[in-house]
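Asker: First the structure, then my questions, so here it is.
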Amino acid sequence: MRAGLGPIITLALVLEVAWAGELKPTAPPIFTGRPFVVAWNVPTQECAPRHKVPLDLRAFDVKATPNEGFFNQNITTFYYDRLGLYPRFDAAGTSVHGGVPQNGSLCAHLPMLKESVERYIQTQEPGGLAVIDWEEWRPVWVRNWQEKDVYRQSSRQLVASRHPDWPSDRVMKQAQYEFEFAARQFMLNTLRYVKAVRPQHLWGFYLFPDCYNHDYVQNWESYTGRCPDVEVARNDQLAWLWAESTALFPSVYLDETLASSVHSRNFVSFRVREALRVAHTHHANHALPVYVFTRPTYTRGLTGLSQVDLISTIGESAALGSAGVIFWGDSEDASSMETCQYLKNYLTQLLVPYIVNVSWATQYCSWTQCHGHGRCVRRNPSANTFLHLNASSFRLVPGHTPSEPQLRPEGQLSEADLNYLQKHFRCQCYLGWGGEQCQRNYKGAAGNASRAWAGSHLTSLLGLVAVALTWTL
């Protein structure tokens, strides 16, 4: 049944009211202490030694690679083969570790997690970002479409094999129940276990939450970027996941179809807004930090994002109040001298100047509007306002030695700049601070909240034994 106009309007009103209300405090920045972190997680480590093309990445707060063989990084990605016994079907359709989650063994999976985590994150300190990248199936049954339908088919077959006399509708309902229950147990208890092993890290699943707003392909002329109402409701079905996560990692990879169009900003904006909505909804006293995955290039080929699309991705994410962006890439980005040279030129000419601009603009806004105890968030999420350094007030100057910043701003905020920030942005305070400009110190209360937050990591293991004992092998 198609949703009517009434529910859509109601949802829109709820979202606007939620945005207009007081922002919950969030975790303080990690790594550099900046309100907006920019991370480079692209496997370009071979550009210098193999292809003789060194890349200057000093402007990034974090440098890491998602490739195998690298440990103790500030950002760690756990793919399906790096964390326990993730049930899935491979590309040939062969069942691996049971295929569907209800056919997997949580009893065998959980004990392997400690070894997996300690292999890639070898020390407790310092904290970092830990991203679980499990994309083979989705925990909401109806979202397993197209090539993921194999998980629904297999689930139905398992039920039908046990109950050959059941009608198809009963088989389907039971299959959905068993799949969603098992998927929840696998994801939930994995999160609980790994948080207990490395409690200083911020843990979450890549691409959660998703917005499913890719309908620009079919509806280019009428495309708005809004998340379908039904998908927002389905995200709320995952309240158990958001309650256990300590960070959210949505993705805003741009297809070249969207290049430099008004749709690119709408596509990104509503995906980030949905993540921020989820971040504020499922914890009573704090909001989860949101780190947005993006790419330095469009999803097909090696064409760097245009200036317009850098604003639509990095700039939009910063203005909406995300904690940072993570640039991800694959081995093709550094597969030859030509690709490395292209990235080198792109970094120097376009990407680095822009991220330095935005990073410092968010920092200045935090200092002047939030006493350095919070990050600036756009008052109107739909407004065409950004955290950019005013070219009339600042210029970027290069460092002259490797120990100096790659680029740094020179200048100061004008009265007009300060008025602009005050008019268009408000503060989201870090835990321990409150007030309109984060001027009130609540660190005693925040300490209790932080201990409760961290304590949930340590106590979560208590429930795992019971789950494991009742798991159907």
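Every residue gets a Cβ built from N, Cα and C, even glycine.
Sharing the record's features from Swiss-Prot:
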- 1-20: signal peptide (SIGNAL)
- C47-C340: disulfide bond (DISULFID)
- N74: N-linked glycosylation site (CARBOHYD)
- N103: N-linked glycosylation site (CARBOHYD)
- E135: active site, proton donor (ACT_SITE)
- C211-C227: disulfide bond (DISULFID)
- N357: N-linked glycosylation site (CARBOHYD)
- 361-439: domain 'EGF-like' (DOMAIN)
- C365-C376: disulfide bond (DISULFID)
- C370-C427: disulfide bond (DISULFID)
- N390: N-linked glycosylation site (CARBOHYD)
- C429-C438: disulfide bond (DISULFID)
- N448: N-linked glycosylation site (CARBOHYD)
- N448: GPI-anchor amidated asparagine (LIPID)
Asker: Measuring Cα to Cα, how far is C438 (disulfide bond) from C340 (disulfide bond) in Å?
Answerer: 43
Asker: Provide the three-state secondary structure of N357 (N-linked glycosylation site) computed with DSSP.
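Answerer: Helix, per DSSP.
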Asker: For C427 (disulfide bond), name the DSSP secondary structure in the helix/strand/coil scheme.
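Answerer: In three-state terms, C427 (disulfide bond) counts as strand.
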Asker: State which of the following disulfide-bonded residues has the fewest other Cβ atoms within 10 Å around its Cβ: C370, C427, C438.
Answerer: C438
Asker: On a count of neighbouring CB atoms within 10 A, which of the disulfide-bonded residues C340, C365 is highest?
Answerer: C365
Asker: So what's the average pLDDT for the domain 'EGF-like' (361-439)?
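Answerer: Mean model confidence (pLDDT) across the domain 'EGF-like' (361-439) is 96.
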Asker: Please identify which of C47, C227, C429 has the densest Cβ environment, defined as other Cβ atoms within 10 Å, among these disulfide-bonded residues.
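Answerer: For the disulfide-bonded residues C47, C227, C429, the Cβ with the most other Cβ atoms within 10 Å is C429.
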Asker: Expressed to the nearest Å, what is the distance separating N390 (N-linked glycosylation site) and C340 (disulfide bond) at their Cα atoms?
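Answerer: So the alpha carbons of N390 (N-linked glycosylation site) and C340 (disulfide bond) sit roughly 32 Å from each other.
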Asker: Compare the C-alpha of C365 (disulfide bond) with the C-alpha of each of the recorded positions C47, C211, C227, N357, C427, and give the closest one.
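Answerer: Result for C365 (disulfide bond): the nearest of the recorded positions is C427.
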Asker: Where does C376 (disulfide bond) sit in the DSSP three-state scheme?
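Answerer: Going by the DSSP assignment, C376 (disulfide bond) falls within a strand, counted as strand.
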